[in-house]
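Participant: My questions will all concern the structure given below.
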Amino acid sequence: MQRLMCKGKLHRVRVTEADLDYVGSITIDSKFMKEADIKPYEMVQITNLKNATRWKTYALPAPEGSKRICLNGPPAHLFSPGDIVIILSMAQMSEEEIKDWKPRVVFFDENNEITSIKEDNLNWPEEASIQ
C-alpha cells in the first residue's frame, strides 16, 4: 500500500506578493525551498490561515534571501500580502519507507525569518502551538 505523506512544510510563512498577471505557480525563496526539501516545479498545497482557502500549484524558486512568497495567476484573488500560509509538499510512500520517514518542517516569525527547523513530528517548538 502507498500512503500520501507530508514531506516538507513551511509553517506560518507570510505572503509577500500576489501577481494576477503571471502564468501560474507560487514563487518561494529558494532557501525556504531547500530547507523544506521542495524542488522546482514540485506540486505543493498552500493553505491560507486567514480564509481557509487551499490551492495546489507548482513551486518556483525566488532568489535566496529574498523572503519572497508570491502567489501567481488565479490564486492572487485568494491570497494577499501579509496573509499567513502553510505550504506543504507531499510524497507517496510505502509502509516500509514510512518507518524511517520524518517530515521536514520549517517555522517562521512575522518577518519570514526561519526560527527553527524540525525533522520529526514529535518535538514541536512552542511557537507551533495553535494560536
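Please read every residue number as a count from 1 along the shown chain.
Each Cβ is built from the backbone N, Cα and C atoms, and glycine gets one as well.
TrEMBL lists these features:
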MOD_RES   S25  pyruvic acid (Ser)
ACT_SITE  S25  active site, schiff-base intermediate with substrate
BINDING   T57  substrate binding site
ACT_SITE  Y58  active site, proton donor
Participant: In whole Å, note down how far the CA of the residue listed as 'substrate binding site' lies from the CA of the residue listed as 'pyruvic acid (Ser)'.
Facilitator: 5
Participant: I'd like the number of other C-beta atoms within 10 A of the C-beta of Y58 (active site, proton donor), please.
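Facilitator: Counting Cβ neighbours of Y58 (active site, proton donor) within 10 Å gives 14.
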Participant: Three states by DSSP: which one describes T57 (substrate binding site)?
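Facilitator: The three-state answer is strand.
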Participant: Using DSSP and collapsing to three states, where does the residue listed as 'pyruvic acid (Ser)' fall: helix, strand or coil?
Facilitator: coil
